[in-house]
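Scroll down for the structure; my scribbles are underneath it.
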């Protein structure tokens, strides 16, 4: 027996279809969704990722504006974000990490208008998500939910172990899971006897960034495992947090790295941009529609 | 054998001592801490609670200003909060619940300046708490931590089951526990087989508001149990979420209702007011001190 493969590709494709439909409706209202990506560093990985957002947006008729501010000061970045907040033609703002060490990253993300914070970077977005108000979750956290829901993995009343407590994955993911009535255990580097928690869970999500964190010792036969980790191994290959060779033959289902969550996030960012455009439209009472739910 | 009693009284007393010391330091800097309590409803329980805050503040040399707005409109409440935000002599703002049904409670709490949000009502406070930025937690959530730390119950690496996912207790408490390196399981009304989770935890916190939620079937011999529930039973008596008669003989320690968490919260609100005053002082670079950590 081997695990069912929870591949990201069909999930991303379904998200692109939803985006296409939404972009069509927006076009009917005379609106083109637009996302601004603020880039503050010149590194190659960032440039590659930003190009992948540009491509995904272009493919779906969403405009993508790259604001290249490599070498900018904190003040210049703050002014750029404020200008994008005030620009009604911009619906989504992504402040691309990493940021230069000289800037106050916490102060910058706090500037992003929550209505445009399509990658859930502002702590206010996380706070709103936590109390059930409309807010965007970080695309990576949300991608885990999209995969679980696409493959119809039950969440209500189920015990889900989230390994990792970062502000971009573990913590917002825990809130998204609680909204779906899962019982959520948040584990991390200080967790004693990880396997005792993860083996009792029906779904395990690993989001730590450490290869071989989850082995056959920490997974059970009924586990559904979603690997969010991205690590480069000694051979220079991209691997997840899961020791796939030992875990795959054991568990019920596995979302792999590469080919899993990472495949979904970019598509989701573009969907979020379109949803932000829709919400901005619906905030206009003349258009008469209700506020979009973005939980 | 019977459980060790984790009484709130000595915890509250230790908090009052810290407050007295802090109030003394503030007096040396010419500052009197001041909290404003905005009351929007005329009910008796609220009036009783507000008087208890007034008494606790007066006892410790913290000024308490009750802003009685019973019968006020949303707009009037919003204006009152904005005025208190702008009033430099006010360091803490409590918007007393319940609010009248006609007001937009979410919009009102979002107005409270996080620096003055001493009962952690603004979702931004919860978001900041979640990402490790300075923020006040709701006094009830924080009281649980104060009790655990006062009685030197280890948290780092320990498995803590939080039963209840409210914005005032369960969710902020989970963040406070994660900051202290606990492994946190968040359970709630949809949790299947609650006892399987709670029995595997070394600390169980019940914050649901349902009498007899936790019985001997859901607790183990090594459990430390903190009861946050407040319920009125058929005889009109205040009881917690824990069936104390069956749980007390079984577990290692129990914080009771009444006499536990509820005893601590008012003292903590007054401490928060003094801490907010201290932070406002330290934000003034002329005074030369560092920002207070309020995790």
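The backbone N, Cα and C atoms fix where each Cβ goes, and this holds for glycine too.
Taking the Cβ of residue A:230 (NADP(+) binding site) as centre and 10 Å as the limit, one finds 17 other Cβ atoms among all the protein chains shown. Summarising the annotation, TrEMBL assigns NADP(+) binding site to A:164, A:165, A:166, A:230.
According to TrEMBL, the feature domain 'Tetrahydrofolate dehydrogenase/cyclohydrolase catalytic' maps to A:6-119. For the domain 'Tetrahydrofolate dehydrogenase/cyclohydrolase catalytic' (A:6-119), the DSSP counts in helix, strand and coil order read 59 helix, 17 strand, 38 coil.
What TrEMBL records for A:138-279 is domain 'Tetrahydrofolate dehydrogenase/cyclohydrolase NAD(P)-binding'.
The average pLDDT computed for the domain 'Tetrahydrofolate dehydrogenase/cyclohydrolase NAD(P)-binding' (A:138-279) is 97.
The number of other CB atoms found within 10 A of the CB of residue A:166 (NADP(+) binding site), across every protein chain shown, is 18. Residues near residue A:164 (NADP(+) binding site) in space but far in sequence (CB under 8 A, at least 6 apart, same chain), listed by position: A:170, A:187, A:188, A:205, A:206, A:207, A:208, A:209, A:228. Within 10 Å of the C-beta of residue A:165 (NADP(+) binding site) we count 25 further C-beta atoms, all protein chains included. Summarised by DSSP class, the composition of the domain 'Tetrahydrofolate dehydrogenase/cyclohydrolase NAD(P)-binding' (A:138-279) is 54 helix, 27 strand, 61 coil.
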